[in-house]
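As recorded in Swiss-Prot, the features of this protein are as follows:
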BINDING   Leu6, Ala7, Gly8, Lys18, Asp65, Asp97  GTP binding site
BINDING   Asp97  Mg(2+) binding site
Amino acid sequence: MKAIILAGGHSVRFGKPKAFAEVNGETFYSRVIKTLESTNMFNEIIISTNAQLATQFKYPNVVIDDENHNDKGPLAGIYTIMKQHPEEELFFVVSVDTPMITGKAVSTLYQFLVSHLIENHLDVAAFKEDGRFIPTIAFYSPNALGAITKALHSDNYSFKNIYHELSTDYLDVRDVDAPSYWYKNINYQHDLDALIQKL
């Protein structure tokens, strides 16, 4: 099982690449890597990013998005890594701007997936908040690759586009025993300031 850290966004709203923003002296990407490593669930943790940022990561396992799908958002990152690892059975996807994700959240979602896998033949297990799914904290089966490829060849690169074609189930973020901010995206500097005040 592989983990994909999505870190290829332009971070326009934040003002600088979010992967290198810091919480308590630790970069977002380092923090997410450490959390994923702590679960002992993954045979490989891969950072998915763009050519401009790739050399800035102090981490050996960085993959640049497929050149045919540059600037097509997070689906391009998932697509690129799935194509490179056709034998892999499952991929966990997390956005780099979710620095407070916990190992407990990852393992809880995995247990949810496994418990529903056989009965429901799930392609995707994701979290949801107030009925809205969070596609960038989710497990994806390789079966999702077809729908992702189709979306990338259309003009609609949104996750909603692929979720309609896949067997998907959701776990509520409140089902995880963790601080309420564990799943929050940091989109703006004031989001980071607010998070730091809570810590």
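FYI, residue positions are counted from 1 along the chain as it appears here.
Cβ atoms here come from the backbone N, Cα and C positions, even for glycine.
Listed in sequence order, Ser48, Thr49, Asn50, Leu53, Asp65, Pro74, Ala76, Gly77 are the same-chain residues at least 6 apart in sequence whose CB falls under 8 Å from the CB of Gly8 (GTP binding site). Ranking the binding-site residues Leu6, Ala7 by the number of CB atoms within 10 A of their own CB puts Ala7 at the top. For Asp65 (GTP binding site), the count of additional Cβ atoms within 10 Å of its Cβ stands at 25 [all protein chains shown].
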